[in-house]
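In TrEMBL this protein carries:
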| type | residues | note |
| --- | --- | --- |
| BINDING | 105, 106, 133, 134, 135, 136, 218, 221, 243, 274, 302 | pyridoxal 5'-phosphate binding site |
| MOD_RES | 244 | N6-(pyridoxal phosphate)lysine |
Ligand SMILES: Cc1ncc(COP(=O)(O)O)c(C=O)c1O
């Protein structure tokens with residue numbers, strides 16, 4: 001596609017954008033009375049305006065009905081979380097019964113590892129990507145230690161090649177085969193938080209299964225961003241958070257996927273609580289646990305409604321728009337941002353480099369040569385909210401729900417000014 005780095009052209013792209021009306025569905029922080037250029041939907045998505053209504057509804061039901069709200073509210077609280085499964089299943093490519101919402105992401109990954117990481121003396125290793133998201137590294141290390149293994153030996157990483165900024169699928173597959181029958185679990189971030197790379201989840205899942213390992217994915221940066229086909233790819237389990245591309249609020253609830261082949265298995269251990277037992281008999285308060293026949297069997301506590309409500313509000317937006325339309329805009333706006341970055345780079349003589357590979361979602365990671373931090377600070381002072389990652393990377397995620405092409409143009413102009421003023 002032939003782009004142009006002009007305001008008129010950016011505005012034309014906005015006029016042609018079928019999702020343009022959704023920008024006004026979100027609250028933007030302001031800088032000097034104007035909405036900021038928001039690039040951190042991969043960290044915390046903006047607040048949808050309709051979220052307030054969902055929270056107010058719960059607050060008002062609580063005020064007016066108190067405990068009766070569990071069963072008599074318009075959206076009764078005792079099964080409120082069930083409303084999220086069907087729309088979420090569409091987003092992650094699952095059957096509704098394979099999806100549940102509960103807890104938070106790291107908690108869920110730990111809980112899922114109770115079921116899907118069951119090492120023995122021979123098969124005990126976990127394979128992940130080099131420099132996985134720190135919480136995942138701590139989780140994997142603490143899990144293997146919990147089972148009596150040494151993380152140095154039990155956690156195997158796949159490295160990028162010397163001089164390359166991305167992981168090669170063939171290297172991951174080769175490592176899986178090398179570890180072979182010692183491999184208990186493959187556990188990778190489906191979209192890398194640092195370089196923005198999308199992993200070939202289908203091929204890697206197949207390779208894990210070929211050597212008899214379980215395969216789970218941390219989809220924090222993937223859910224609501226890229227096409228996922230968890231059921232079709234035969235993924236064993238996955239979890240994601242809701243506060244990035246899913247716009248559900250800081251630290252909010254996490255979604256889980258558990259492949260349907262495990263839903264009725266009695267030989268798979270699981271930590272259990274009363275919200276995982278059948279609804280029909282739950283309040284008989286019997287000692288026997290009768291698992292719900294869906295991923296809800298992994299639920300522990302009664303759902304935190306004030307946290308699930310914003311997630312439901314957000315899923316309503318996803319239902320309206322659908323992933324294909326979001327992905328179409330995402331591809332175009334990311335391509336436009338990339339074009340603008342390359343134009344500016346030509347004009348200011350190569351002071352940065354895009355390290356995100358072709359297999360990408362919404363994010364471009366830009367490695368700044370020289371002193372990067374002053375440039376980042378300059379952008380922040382001028383109404384841009386990008387994200388800084390050590391040692392010298394700025395992450396830019398133009399979320400298709402609310403970012404405009406005009407934002408990309410203005411960002412390019414500011415970037416150029418910042419480089420000329422601050423770096424050279
Ligand atoms: C890739 C990835 N994994 C895990 C986490 C941890 O999420 P939480 O704090 O919700 O457990 C994050 C948070 O940003 C993340 O980006």
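Cβ atoms here come from the backbone N, Cα and C positions, even for glycine.
TrEMBL labels come from automatic prediction, so no person has curated them.
Locations of recorded TrEMBL features on the structure.
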residue: 105; record: pyridoxal 5'-phosphate binding site; Cβ contacts under 8 Å, 6 or more apart: 135, 218, 220, 239, 240, 241, 254
residue: 133; record: pyridoxal 5'-phosphate binding site; Cβ contacts under 8 Å, 6 or more apart: 189, 193, 218, 220
residue: 243; record: pyridoxal 5'-phosphate binding site; Cβ contacts under 8 Å, 6 or more apart: 44, 45, 249, 250, 251, 252
residue: 244; record: N6-(pyridoxal phosphate)lysine; Cβ contacts under 8 Å, 6 or more apart: 41, 42, 43, 44, 45, 220, 221, 223, 224, 225
residue: 302; record: pyridoxal 5'-phosphate binding site; Cβ contacts under 8 Å, 6 or more apart: 77, 78, 274, 275
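Packing around residue 135 (pyridoxal 5'-phosphate binding site) is summarised by its Cβ count: 13 other Cβ atoms lie within 10 angstroms of its Cβ, all protein chains included. Counting every protein chain shown, the Cβ of residue 218 (pyridoxal 5'-phosphate binding site) has 27 other Cβ atoms within 10 Å.
The recorded positions near ligand 1, defined by a Cβ under 6 Å from one of its atoms, are 105, 133, chosen from 105, 133, 244. For the pyridoxal 5'-phosphate site listed in the record, the two most distant Cα atoms among 105, 106, 133, 134, 135, 136, 218, 221, 243, 274, 302 lie 32 Å apart. Reduced to three states, the DSSP call for residue 218 (pyridoxal 5'-phosphate binding site) is strand.
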